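Undergrad: Sharing the record's features from TrEMBL:
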TRANSMEM  90-107  transmembrane segment
TRANSMEM  128-150  transmembrane segment
TRANSMEM  156-181  transmembrane segment
TRANSMEM  299-320  transmembrane segment
Amino acid sequence: MSALWVLPDQLPSSPSFLYPLPALSHPPNSVFGEGAESPAGVGLALSSWPPRPPPRSHEAGAASRKMHYYRYSSAEVSCWYKYLLFSYNIVFWLAGVVFLGVGLWAWSEKGVLSDLTKVTRMHGIDPVVLVLMVGVVMFTLGFAGCVGALRENICLLKFFCGAIVLIFFLELAVAVLAFLFQDWVRDRFREFFESNIRSYRDDIDLQNLIDSLQKANQCCGAYGPEDWDLNVYFNCSGASYSREKCGVPFSCCVPDPAQKVVNTQCGYDVRTQLKGKWEESIFTKGCIPALEGWLPRNIYIVAGVFIAISLLQIFGIFLARTLISDIEAVKAGHHF
């Protein structure tokens, strides 16, 4: 029995692969030539090349299969919820753009954009401010919902969901408080209406809003035509030199079916007459009592509108929360 002998300069550079080699029954020819003998003490036995890796245990194989399972998890973001939420928000985003455009155009026509102090100098409310506020809210929420859905951004989606939840509970709180504290709400609304009567001629949009309210509800003033004494143009005091003195706006006048053109001077000097004759030419019922009578007659319409808005908000919250859960599940699967 003999071993395979090789010279040291023919060995691999790394000594870690040198292992004893069992003796061969039929050794190959020596590197020194056929029949020659190797010098004693200068050879090393070389292992098989390359070395075999050590066998894996059963536990290591099981752990590998477990990691393989978690890395390729079946969790995925639902395209249905993703693009449904995008479609839901694109409508509100475009509506917000329209509201903002209309509001800015109205302000530019009134010269407010060149002098923003005009807004603070008004005693009443500028309807354009309400339009712009609604536009900003719709634009912001629509933008956050659209981008958050497309980019799968959890921060934007949580902002959208939280804002919708806040608005929903604010609406619910306002409705409950208005029902429980009707007298307080009535007093605040009267103060609001009287404040806008004072500013009737100061802003064309406010003027059109009051005229539309009085014509639609066939009313005049907050609680009657006498409320127009609060306006300097319609005041009956001797200090007023306005042509509209002791009159009311044309929207208080009882419409004449025979007239095809609106008579904007129908309310002039009406309140100089006896009160018994006012009903012949103008509405004598106040707008607050008219609105209080309108609400019970249309309670189902009001409730239907409120329920429809609430369902839309709940649907948006559901879509956002579902999409957030899908995104978090996918991200959690990538951590393994």
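The backbone N, Cα and C atoms fix where each Cβ goes, and this holds for glycine too.
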Undergrad: Do any residues of this chain, six or more beyond the ends of the transmembrane segment (128-150), have a C-beta under 8 angstroms from a C-beta of it, and if so which?
TA: 82-83, 85-86, 88-100, 102-104, 106-107, 110, 112, 119, 156-157, 159-160, 163-164, 167, 205, 316, 320, 323
Undergrad: Counting only residues 6+ away from its ends, which parts of the chain sit with a Cβ under 8 Å from the transmembrane segment (90-107)?
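TA: Apart from its flanks, the transmembrane segment (90-107) reaches 113, 128, 131-132, 134-143, 145-146, 205.
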